């Protein structure tokens, strides 16, 4: 699923940037974080569906979700969530102590994110803070702590990226959201969406350049950043915010954005 990739890819960026010059990223960490991304993305979906089961019944795209459709009980979903988080904890315990504490700190964001759409038009910002935690965790898993001059710009770039792709995603449901009283950046920005997305994209690119400069990245990295910029520009220029199928297509294409940057990081290191 696209969401799992979007959670995983910021982890790969951080792991790649933390690798020693001339070396490939640590494949064991990439694998470990891949498993963790599947588990935590799944746990996030479970929590989201538990909070939103009453809303989901009223939205055509989500009405068939197991809790909303009544296929499983809240207790069964809680047991399932416990299994997901227990397995995710096993993955986390494979890391160093600094990373264990840092990783555990993200759980509060995972739990509270689904509530944000009830109280603010910026739930996508909170999702960005949640989904890009791996930009901090990947580096600390390799180096033993965060190099903030690299990790913070990388994290900020990820948050800006999430604001781009999840605002696009939110435009799929805006008609249903208005009827049931759910908030989103899609409803906040309305017809000015492309201007906002352009601003977020520019902030992302500048932050990626800053992260690259602070860890002495080379030409392939900046070439990848330019390719990311071109991809985002094409997304925004061709986006039709009133066609849900086009919004989904643009949202899902962000996997390519993340992979482009990861390849650039690896080649830049080599």
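Backbone N, Cα and C define each Cβ position, glycine as well.
Copied from TrEMBL, the annotated features are:
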SIGNAL    1-18  signal peptide
TRANSMEM  85-113  transmembrane segment
TRANSMEM  125-142  transmembrane segment
TRANSMEM  154-170  transmembrane segment
TRANSMEM  196-213  transmembrane segment
TRANSMEM  251-268  transmembrane segment
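Against the transmembrane segment (251-268), stretch 154-170 shows more Cβ pairs under 8 Å than any other of 85-113, 154-170, 196-213. Beyond the signal peptide (1-18), the same-chain residues lying 6 or more positions past its ends with a Cβ under 8 Å from any Cβ of the stretch are 25-26, 29-30, 33-34, 36-38, 40-41, 44-45, 131-139, 141-143, 150-151, 154-155, 158, 162, 165, 211, 215, 217, 251-252, 254-255, 258-259, 261-262, 265-266, 269.
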